[in-house]
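The structure appears below as structure tokens.
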Amino acid sequence: MGNMFASLFSMFGKKEMRILMVGLDAAGKTTILYKLKLGEVVTTIPTIGFNVETVEYKNISFTVWDVGGQDKIRPLWRHYFQNTQGLIFVVDSNDRERCGEAREELFRMLAEDELRDAVLLVFANKQDLPNAMNAAELTDKMNLHTLRNRKWYIQATCASTGDGLYEGLDWLSRAFLWLAGLRGTGDPPSEESVSWRCCR
């Protein structure tokens, strides 16, 4: 009887998902983290180490590790790979000059064996800026369509207003259920799905 209740709890109780959020410096990672956690914009400084917070959403407890993105500390990212189920890669959509650098860092990470089963959510951040690339353009610039054997999704976001952030968590929630083999809400959007939401 006890085992039955334990099984029911594991099926319907609160789920936990470990998320690693990375990206180049000044992409808006920490602003996103605390917008999700507190619902407000906080003053941030460049993250040298990491921030970690728990975000509760749709019966899933997301433990989000926000790791600094300065070039000298990017080699430390690998220390956070273990047990990561979801990867959020934040891109400054307005920073066209460093798009190639962001792409290289992303694909370097995705080649790591410890991340082979992690789903990928790309936040095309800073959509409020006038020269920001939309989600479709950033998909091309980041070569996301070349990804194989990887569940991924790109979401246009604006960290300062919160636009697009919860749509991203919606996808992560469905992706997590897909990973767990619970298909009650259907599969996550396919690789061809692109979000056009932005905060203009």
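Using the three backbone atoms N, Cα and C, a Cβ is placed for every residue, glycine included.
According to TrEMBL, the protein carries these features:
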- Gly23, Leu24, Asp25, Ala26, Ala27, Gly28, Lys29, Thr30, Gly69, Asn125, Lys126, Gln127, Asp128: GTP binding site (BINDING)
- Thr30, Thr47: Mg(2+) binding site (BINDING)
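What TrEMBL annotates, mapped onto the structure for a quick look.
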residue: Gly23; record: GTP binding site; DSSP class: strand
residue: Lys29; record: GTP binding site; DSSP class: helix
residue: Thr47; record: Mg(2+) binding site; DSSP class: coil
residue: Gly69; record: GTP binding site; DSSP class: coil
residue: Lys126; record: GTP binding site; DSSP class: coil
For Asp128 (GTP binding site), the number of other Cβ atoms found within 10 Å of its own Cβ: 17
Sequence-distant neighbours of Thr47 (Mg(2+) binding site) in its chain (C-beta under 8 A, six or more apart): Lys29, Thr30, Asp66, Val67, Gly68, Gly69
Neighbour-count leader, CB within 10 A, binding-site residues: Gly23, Ala27, Lys29, Thr30, Gly69: Lys29
